[in-house]
């Protein structure tokens with residue numbers, strides 16, 4: 001069976017509305033792509049992660065009247081009358097296999113690998129985290145996750161306690177445990193993330209050393225040797241007082257989910273409490289790390 005695809009550019013704000021509308025008028029699937037044509041496979045728990053200008057890509061049955069689809073979109077007022085779009089025919093494929101083929105084992109730092117379950121482990125002697133794309137944000141494919149994993153690999157986590165603030169899939173907490181941490185604590189606002197983290201921890205044999213809490217249920221006076229938060233710049237600034245208290249004196253802090261253009265404002269929220277390192281950038285994203293002063 002052949003398909004026809006329409007691709008149109010949208011603002012972040014309107015992308016989900018357009019997606020819902022396209023599904024209502026017959027799209028068999030709708031995906032989001034960023035401006036670099038990279039599929040966004042990693043939704044935050046409870047929402048769709050979008051950044052920059054977003055392309056909405058919808059797949060229809062090949063017999064669909066695409067002129068009518070375009071006309072209906074215009075009438076919906078979700079797009080401008082002269083909105084740019086591209087329509088192309090798509091050959092039939094084994095889409096599940098195509099999707100799986102896009103994921104490969106990835107190395108972070110010197111020791112750490114993230115491996116999909118259907119791939120052969122490249123180095124059995126390395127620190128291997130088995131993780132499949134699934135319920136929650138975090139598989140290693142996004143630059144912010146990569147920045148955080150590389151940082152964790154650089155630390156001596158032996159017998160340390162690590163807090164993963166905004167744990168998503170649990171990838172960072174699980175990686176920390178596999179890298180030698182004694183205990184990890186994952187905190188997230190969404191129950192979906194807690195479920196995903198628990199499942200992934202069980203697959204990796206570290207569930208007995210991982211505690212998980214919804215934000216509203218987290219214990220008072222939590223504190224750790226290492227705190228990592230891969231969320232977004234806004235929450236990192238708003239929640240700075242809370243995040244700062246989670247780090248022991250002389251403990252390590254790692255922050256990401258931050259665009260390079262937002263780094264300065266995030267640093268200002270933490271610089272009085274931490275001796276901050278040089279900012280590390282990857283593509284348009286960055287990582288902020290530091291050691292707590294007291």
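These residue numbers are counts, starting from 1, taken along the chain as shown.
Every residue gets a Cβ built from N, Cα and C, even glycine.
The S-adenosyl-L-methionine binding site annotation in Swiss-Prot covers 145, 166, 188, 230 and is backed by sequence analysis. Packing around residue 145 (S-adenosyl-L-methionine binding site) is summarised by its Cβ count: 26 other Cβ atoms lie within 10 angstroms of its Cβ, all protein chains included.
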For S-adenosyl-L-methionine, with binding residues 145, 166, 188, 230 per the record, max Cα distance (Å, no decimals) returned as 16
